[in-house]
Amino acid sequence: MQLLAFVDPVAIQIGPLSIRWYGIIIVSAIALSIWLGGRFARDRGLDPAFVDSFAIILVPAGILGARLYEVFVLQWPYYSQHPDKILQIWEGGLAIHGAVLGGAIAAAIYLPMRKQPFWRWADVVGLVLPLAQAIGRWGNFFNQEAYGDPAPDWLVRLMPGWLREGMTISGTVMHPTFLYESVWNLLTFGILLVCHRRRMKTGVVFSLYLVLYNAGRFLIESIRQDSSFIFGRIRVAQLVAAVLAILGLVLLAWFLRRPAESGDSAGV
């Protein structure tokens, strides 16, 4: 469905080659994450030079996990009928829950091989992820996807003109859920950045990321129109978000009870 008639999802057209805004935004988010990851790694007593080699493993694993999750968990009825679309990731369809799973598996294999501390690096990744997600959600805006149910009149009146026009589908203004999640991710990043600067115990930042992001995702998912369902009316993304948020709470309690490591603040 054409969501933004006034925005072309293709940024640059060179002959048969189309460079889409979605791809530009995702690549920009990844590049910023790698750069910031080096700075945050140094703060945690890690080698910033390791970030590049880690990213070479983590980024493809995350993208692969995001795509596999989108195709085989969320949208298999569609892709089973359109197998030619499976590899067309530039058209959208990268699920963050799959990216986290794919990245976690790759990190769990790669970091011990390089004798690197898993949870310290998890904190670095957990810190940059919400910022990358906040940026990446604007790829949904340009790619004309991830909008919600019809918005109430009071909200429509508060929307700036460009957003109201962009969210109008068949004469009805829809919830800009991509924007809600982008803002929530920015708030999550801000909270985690404060925790990072306070040198909280190893594992706390990543655990809080799981809790905060997934709590917001659980709420926002309830009004999205592109949700996938299982067992009748249970939204897959909400179920996964609930499980990951609970996992985050368990990990958070565990890390807070552990003795502080070198480089942690002993008081938190």
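The first residue you see is number 1, and the count goes up from there.
Glycine is treated like the rest: Cβ placed from N, Cα and C.
Values in this document were obtained by computation on a predicted structure and should not be read as measured data.
Quick look at what Swiss-Prot annotates:
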| type | residues | note |
| --- | --- | --- |
| TRANSMEM | 21-41 | transmembrane segment |
| TRANSMEM | 54-74 | transmembrane segment |
| TRANSMEM | 93-113 | transmembrane segment |
| TRANSMEM | 122-142 | transmembrane segment |
| TRANSMEM | 173-193 | transmembrane segment |
| TRANSMEM | 203-223 | transmembrane segment |
| TRANSMEM | 236-256 | transmembrane segment |
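Same-chain residues lying 6+ beyond the ends of the transmembrane segment (54-74) with a Cβ under 8 Å from its Cβ atoms: 30, 34, 37, 86, 89, 93-103, 105-107, 110-111, 116, 121, 125, 228, 236-237. When Cβ-Cβ distances below 8 Å are used as the criterion, the transmembrane segment (203-223) is approached by residues 96, 119, 122-123, 125-127, 129-130, 133, 148-149, 175, 177, 180-181, 184-185, 188, 191-192, 195-196, 235, 237-238, 240-242, 244-245, 247-249, 251-252, 254-256, 258, 268 of the same chain, each at least six residues removed from its ends. Outside the transmembrane segment (173-193) by six or more residues, the chain places 126-127, 130-131, 133-135, 137-138, 140-141, 145-151, 155-156, 159, 163-164, 166-167, 205, 208-209, 212-213, 216-217, 220, 223-225 with a CB less than 8 A from a CB of the stretch. Beyond the ends of the transmembrane segment (93-113), by six or more residues, the same chain brings 26, 54, 57-58, 61-71, 73-75, 121-122, 125, 129, 133, 136, 217, 237, 240-241, 244 to within a C-beta distance below 8 angstroms of the stretch.
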